[in-house]
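The following features are taken from Swiss-Prot:
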type: DOMAIN; residues: 3-327; note: domain 'Kinesin motor'
type: BINDING; residues: G79, Q80, T81, N82, S83, G84, K85, T86; note: ATP binding site
type: COILED; residues: 333-414; note: coiled coil
type: COILED; residues: 571-646; note: coiled coil
type: COILED; residues: 708-855; note: coiled coil
type: COILED; residues: 894-979; note: coiled coil
Amino acid sequence: MERIHVAVRARPLTAEDAGSSPWRVSGNAIALSTQPSIRFEFDRIFGEECRTADVYGARTKHIVDSAVRGFNGTVFAYGQTNSGKTYTMRGSGNEPGIIPLAVHDLFRTIEEHLDREFLLRMSYMEIYNEEINDLLVPEHRKLQIHESIERGIYVAGLREEIVTCPEQVLEFMSFGESHRHIGETNMNVYSSRSHTIFRMVIESREKVDESEAGESCDAVRVSVLNLVDLAGSERAAKTGAEGVRLKEGSHINKSLMTLGTVIKKLSEGIEGQGGHVPYRDSKLTRILQPALGGNANTAIICNITLAQVHADETKSSLQFASRALRVTNCACVNEILTDAALLKRQRKEIEELRAKLRNSQSEHWEEEILNLRNTLLQSELEKERISLELEEEKKAKEQRDKRLIEQAKKIENLSSLVLNSERDDRTTVSSKNKRRLTWCPGLLSRQFDGQVLESVQEDPPSSTVRHGRNMEMPLHFEELIQESCESSIKHYTDAYSSGSLSCEDDSLPDSHALLHVTSRRKPNTMKKSDQEQLMGLASERIIPQELNDWKYTTQSQENIKACVNGLSARESEAILVIKQLEDQIKLLELEKSSFQNNLDDVLELATQQKASFHEKYEELQQNALVAQEQAKIANEKLSKQEAAYEFLTGIFVETESIAVQMDQSTRSVDNALSFIEELFQNLFMMAKNFTEAKQFVCGDITQFSSVIRDYENISNCLREKLSKLEMEKKILDEQSLDQKDELQRLKSSLESCEKAMEDCNIQNELEKDSILSELLTLQKEVVYLSSSSLMKEKESIRKELDRTKTKLKETENKLKNSIQEKIKLESEKAEAQREIKKLQSQRTLLERDLRKRDSFTVDKRHEQSVKSKELAGIYDQAVQIQEDYGKLEMHAFDMEAEIASLQEALVTTIAEKEEALSRVELLTSAVEDLESRLNSAESETSSLLEETAVLTRKLDASESISKKLEASISSLSREKEDMGIELTDVLLEMESERSTWTAKEKAYLEAKQKLNICNKNNCKLSEDLIKVRQELACCREQYSILEAKMIFSKNDTNEEKYCRETFEESERLLKKERNIDTGVNENELHQQLLSITEERDKLLSEIKYMNSVINESELIQAKATIDELSSRISIVEAKMKNDASAYNKENTKLRMQIRWMQPELDAHRGRLKEAINEMKLMDTKYLEASTKLKKDLSFYCREVLRLKEQLKESQVKAS
């Protein structure tokens, strides 16, 4: 069984499509970057820069080589329209496609096989709108699909051209391509509108010289190579198909949908369960039925485009290809063997065996074989002669029976004629009473006598010849005569005892009586020939005739008496009739006496013939007994030879099955299998020689001793080979240890990588905390600067911002380095996974080799034990071998357990690595958040700088106003020197107070805006809290699912504890979130603002009052109160900022913890799923191994019993 090989080839993209492509290819896997759960793995994935020759060398080259060896092969390209299928199959002038490469490679491999003759036939067809057209003969359209036992599924009327070179094939192909249906759509200028199937039929047989012509077996290998270019699936909305193009697209999509359903059902194993697979729903799947789950090597090339526009079509193509990976085929050599070819092959093998027997045995056995052949031939000739005699006797008996039936019919006809004539005579008896009455003329009597004479004179050739081939002895001649006499007497008595007849019927004479009457009329003129005829007639039928005559006379007398008593009117006429009848009775009595004399003579002749027949019968009986004994001897010899031939044929069948298995296994382990095949052939030949020697040389003790010596030599050779096998096993064990070391080294490297990742994470977290602290300090400083109006501090803030930018750039570089390290670790992980896969494949190969070698050694050891029982009784060694085999099995089970533990360790390391990668991703996301926050802080600082610039402008304006006021005050002071000074001071103080109040009002407005921003942030945080709670609810549900699964797994208690701890941590975090009462903070701030506004109103009223009164004491008190209020406002703002920063920190911490918890929960889910799958796999492997071991044990027990029986038979024959 071999699954379908699936390769994926991506079409090159433009620069625009390459930038927006959502697909990511890593090794032999492809996944969507937007949805990482959508991931596909295939046998090979070829990128955009690969060549068609690389695609051909991956699998198609092997399929072409196997087609030359007799295996069917199919390669087809699948994908959406405009994905490069036709380019892959046909190629271009610069780069040939799959079909030209396959054709050239096919002829090159044929030239390498010099020992065979080949005949190549090619055909080229298309399926257009569910109609099959012949591209080599365009007139042949609408061809039909048929199925037969000899040819399988084929297309009737399809032209097949015989080809001899690749150039001829490519010419026919280009001719067919010129007649293929091609159209133009919005997506492709040259779009294939039909499916094409390029088929090569390869017939081959062995080359035979004229001297070896009689020895060849005439076996012909016939294989079919299909290279299919499918039309692409398409959407009418994208292609813009209308009219004919729309109809073509619908037929293409329908056939591809049927292909998809067939692949799906085969991948699900519905055909093996007895379900229906719809091959007949489309002509494409009907033609490709042998390639889909049948007798062929199949490869699928899935062409895709990685552009964003075709993401859905690419996804569906990859899903089809992934389903095709699960479909398995059973490819085998297609060899046509006629009965003559089989006979030739068997004769050849028999002659080889005879030649070996001649080399190993003496001439005495050859003479005995020749004698046995002669006796067999003589017995066959005797059988043929006896069968011919029996056939001749059967024919003669059939002819005799036919003649007797004809004679009986003639006698009945004559009797009816005589009866009619008698009736006529009785009507005219009154007028013709003086005439002589005759019932039959002379000619009729003579004819009848001649016929009777012919029947009597026919003597059977040999009454003692046996009927059939049943070897039973015939009856004696006396018994046959007695049986005939008894049958005639019974017939007579039955006739006589039957009821009373009427007068008219009783008066009618019998046909035999008429014959006697005619003979009475002319007794003197009767010749000797007539007498001899009557004597011959009497030898067979005289007794029943006389009995009939006597019956007739008695009946006639009784009738006469009855008639005399009944006469009344015609007495005279009746008396005459009575007298005539009395005369007739007298004549009959005279004839009776003459017949009695004749009967005595006939009896004497019969006794003489009986004696002669008895002597002949005894001679034939003796000959038959001798022939029977010879036939028995020949049958015994034939049965022996047939048993030997059946045994040889059974061995031959077994060797063919084993050879097929060995051919299949040679692909993986060629060197080891070649050695095993040589050893198996040698042992098989030895076993054949031993069985034939045991059959032909049972009683010869000297040859038996030579066979024992040969067996000892064979056993020595086997021991040497067993020692070699044990050495190879040790080497394999060492290789497994090396692989274990490599696995440990990989584990250590993974651990070191994880440690490095953890260190990087710690450093990033520290840097993040430092950056956050610096940001907080900067925010505080910005707030402080907003209250002050010094330019130097602004410049220092800018410098610090530049420094933070440089630090952020450094952190970005570090993050980039960490990302690069992550990519390197991913590549190392992929390489490690590849190495692990390679190691696993090597392990499977080694296990397979070990199993085969173990089974082989077990078979050979059993054979040794049986032969030693037959020859010398080496039973202890077989027991030891079985114990060693058990130890080896235990060792194999230990190795499997170790491999399973290593696989589990690898799974855990991979999961841990994935966790580390998820943490790195989280760190990158955190850094991005920090960058966004820094950008927002920069924007805020820029806005603050703008505000400070506005404030400086206002200060400049206020200074100019103050200067003007000072000028006016100086002028007033001149006028009013006494009051001017005081007024100027008051005015200056009022102006300063107004400026401070305007600044405070602006600060109040800014605080209000910040409060609004805080409220918005609180709303956002509440929404985030709701989302977090929903995620926690999901986590709880997942945790409940995981907890239900954890009940079934006993060994995962640690993970369950870890999950519970994580759940408790999440609940604790929820409690913390619940404890954070945002509403309380908002209420406090609102109350503080209300108090501030009240104090502000009071101050405004006080200022108005001060303006009205203008007292110096009140102004001093107002200044004090203003200072106190400004300090309070600054404290409140600081508290609000601190609360907001603490709230943001706690929210970010909670989000980070939730994000960190999510991948851990996913990892735990994956671990549980993998553990469950591994348990299922282990159970299935254990069941399969136990069933195999049981079968092997039953088979070995049967062989032991059979060999014991053979030993007993050989001992009995020897004794």
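Every residue gets a Cβ built from N, Cα and C, even glycine.
Quantities reported herein were computed from a predicted structural model and do not represent experimental measurements.
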Just checking, which of G79, G84 (binding-site residues) has the fewest C-beta atoms within 10 Å of its C-beta?
G84
Same-chain shell around ATP excluding G79, Q80, T81, N82, S83, G84, K85, T86, C-beta within 8 angstroms of the CB centroid, reads R11, A77, N188, G232, N303, T305
Look up K85 (ATP binding site) in the DSSP assignment and report helix, strand or coil.
helix
Hey, does DSSP put Q80 (ATP binding site) in a helix, a strand, or just coil?
strand
Neighbour-count leader, CB within 10 A, binding-site residues: Q80, N82, S83
S83
Restricting to the same chain and to sequence separations of six or more, state which residues have a Cβ under 8 Å from that of K85 (ATP binding site).
A77, Y78, G79, S192, D229, L230, G232, I301, N303
List every residue in the same chain as T81 (ATP binding site), at least 6 positions away in sequence, whose Cβ is under 8 Å from its Cβ.
T185, M187, N188, S191, A231, G232, S233, E234, T239
